[in-house]
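Pasting in a structure now, in structure tokens, and then I'll have a few things to ask.
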């Protein structure tokens, strides 16, 4: 199953973003995790 890349729409309850990305609960797309 493919992970979701940057700016891909996602659901915070079911975060399928790629490693080092996190689903933004505000914008509802995958954002790069800097920390």
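Placement of Cβ uses the backbone N, Cα and C atoms for every residue, glycine included.
Feature table excerpt (Swiss-Prot):
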type: DISULFID; residues: 3-18; note: disulfide bond
type: SITE; residues: 7; note: site 'Probable key residue for the interaction with Nav channels'
type: DISULFID; residues: 10-23; note: disulfide bond
type: DISULFID; residues: 17-30; note: disulfide bond
I'm trying to understand the geometry here, so how far is the Cα atom of residue 3 (disulfide bond) from the Cα atom of residue 30 (disulfide bond), in Å to the nearest whole number?
10
What's the number of neighbouring CB atoms sitting within 10 A of the CB on residue 30 (disulfide bond)?
23
Take the C-alpha atoms of residue 17 (disulfide bond) and residue 7 (site 'Probable key residue for the interaction with Nav channels') and report the distance between them in angstrom, rounded.
10
Give me the long-range Cβ neighbours of residue 10 (disulfide bond): same chain, 6+ apart, Cβ under 8 Å, in sequence order.
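Non-local contacts for residue 10 (disulfide bond): 4, 16, 17, 23, 28, 29, 30.
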Using C-alpha atoms only, work out the spacing between residue 18 (disulfide bond) and residue 7 (site 'Probable key residue for the interaction with Nav channels') and round it to an integer in Å.
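Residue 18 (disulfide bond) and residue 7 (site 'Probable key residue for the interaction with Nav channels') have their Cα atoms 11 Å apart.
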